[in-house]
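The active site, glycyl thioester intermediate annotation in TrEMBL covers 168. Per TrEMBL, ATP binding site is recorded for 19-24, 43, 51-54, 67, 112-117. Taken from TrEMBL, the feature domain 'Ubiquitin/SUMO-activating enzyme ubiquitin-like' covers 442-534. Annotation comment: TrEMBL describes 201-224, 556-583, 595-627 as region 'Disordered'.
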């Protein structure tokens with residue numbers, strides 16, 4: 001039972017929840033049952049069928065509705081006298097600025113991506129509002145407290161570097177199903193339904209093959225009067241047949257590898273596949289384009305079945321046809337979304353056909369969706385435990401009980417007889433550029449790199465700023481925002497295309513520039529150091545930013561070997577992150593902990609006498625770390641530019 005002092009703090013507080021998913025549902029319920037009276041929720045997502053097994057405030061009838069609004073209505077049924085305000089919106093929207101955050105006593109995060117987490121962290125710092133972070137993945141989870149000036153901020157500790165595979169492995173020598181998924185999602189799907197101007201190996205191989213009879217024009221272009229089914233068969237034969245033939249022509253590549261098998265439509269009983277392809281009349285009428293399904297028209301029902309090569313071929317052809325006939329207006333602007341049924345189907349089918357070619361075991365749609373969406377299916381009980389811990393820490397924050405703040409880690413297996421491991425918070429990192437405003441250093445070729453390169457690769461990708469303003473002394477080089485006058489917006493757009501050294505106020509070696517995000521109220525100083533040359537493979541961005549907390553590097557020996565053995569001279573890198581819960585992302589439990597020990601809290605279990613009064617933080621599982629962006633398979637293109645998928 002809460003004490004009178006705790007109840008007073010609880011009832012007088014105003015709480016902001018960000019995220020109403022796996023942990024968010026449990027958290028809202030627990031807050032309501034703990035006598036919190038004024039709760040606000042921000043969540044941009046709508047309810048999906050896959051949410052229903054763990055987000056217990058939602059029902060089948062709620063699918064497609066706002067998570068924040070449905071969660072509010074569900075809780076008010078058993079706590080009708082409290083105030084819950086939902087916002088079906090992105091937390092990065094301009095309305096949720098520093099002044100908005102100042103209205104709250106504490107902010108409780110339940111987000112699924114790094115970008116939004118950093119954004120909320122910065123707004124909390126600017127507003128001086130305490131932040132309680134959380135995350136789960138399977139049986140693992142954690143809760144951390146971040147109070148300006150008293151504990152480290154969310155960005156004080158490094159985040160892990162994503163696992164990487166060289167592009168030549170993805171395009172030429174896949175050996176794992178994940179390689180096939182990345183190929184299908186980021187190369188084939190993007191080529192078929194994304195920006196038509198992009199180039200990748202799927203098309204280049206045709207024109208580059210000596211003596212090839214393929215036409216010089218884009219193979220993937222759907223001709224005006226071309227039958228959709230004929231187009232599908234042509235694409236099938238090109239990517240699964242012709243491209244494999246071209247790859248086989250390089251005999252050196254296959255001296256120590258098993259050769260792939262080219263697959264053409266005729267190899268999978270063309271007449272049967274085409275005749276049995278689904279009937280569009282069977283497609284259920286729906287106002288939601290994301291619900292269109294090739295499985296439904298063909299008659300495949302169980303997403304956990306592993307389809308045969310013929311069935312995968314049928315799904316591929318049918319899904320391609322449905323995209324053109326039912327969603328033609330979207331083609332050219334699509335990117336893969338794990339919640340898009342048709343997209344998941346065509347990616348699964350394409351990955352399986354390619355896997356069959358390379359002798360890789362096939363996977364079900366359920367498994368493929370998990371890999372493509374970086375999903376680790378959540379454990380509902382872990383979410384409930386973490387939600388309870390969040391409320392405990394929130395109550396401490398409301399009472400300003402600093403000495404009892406705890407970072408608590410939920411472990412899968414007992415470590416020294418503990419499943420919940422409490423640790424005293426770290427102090428702020430003096431070298432953190434976010435909360436300590438420590439200057440950074442950027443090595444860059446100022447006579448070659450454009451301002452656009454700096455904005456995209458450093459300011460947005462590395463520093464996570466969404467509305468940046470860049471100044472050199474008193475000269476304003478770049479600004480973005482709705483309030484800009486047209487002539488100034490034109491000037492700044494022109495500056496983006498100029499080399500740094502040729503800007504109106506030249507940026508050269510020794511220059512100090514100031515970057516500010518007006519929405520986040522974050523200012524960062526960057527010292528510019530001119531550097532002539534960069535290693536194309538090791539430094540693909542063509543610039544090096546120093547002073548950030550360094551990322552934890554995950555070694556990938558196999559990838560290194562494959563890269564070394566590759567015959568491709570492509571200096572691209574494909575980065576595939578560890579799978580994670582599609583609702584929440586685990587936070588940095590081991591970042592910066594190596595060799596450090598903390599005193600046990602006074603209220604630690606007295607039966608753990610063998611701990612000798614300390615917790616060895618190196619025992620915290622290395623899996624309990626933060627991964628960037630829940631859906632992120634990050635592709636670096638030939639210019640080293642990051643291409644990111646959806647995030648909140």
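One is the number of the first residue shown, and numbering goes on along the chain from there.
Here the Cβ of each residue, glycine as well, is placed from N, Cα and C on the backbone.
Caution: TrEMBL annotation is automatic and unverified by curators.
Proximity to the residue listed as 'active site, glycyl thioester intermediate', defined by a C-alpha to C-alpha distance within 10 angstroms, is shown by none of the binding-site residues 19, 22, 53, 112, 115. Averaged over the domain 'Ubiquitin/SUMO-activating enzyme ubiquitin-like' (442-534), the predicted model has a pLDDT of 92. Residue with the densest Cβ environment among the binding-site residues 43, 112, 115: 43, by other Cβ atoms within 10 Å.
Each residue of the domain 'Ubiquitin/SUMO-activating enzyme ubiquitin-like' (442-534) gets a DSSP state, and the totals for helix, strand and coil are 24 helix, 30 strand, 39 coil.
Its Cβ taken as reference, residue 19 (ATP binding site) is surrounded by 30 other Cβ atoms within 10 Å in the chains shown.
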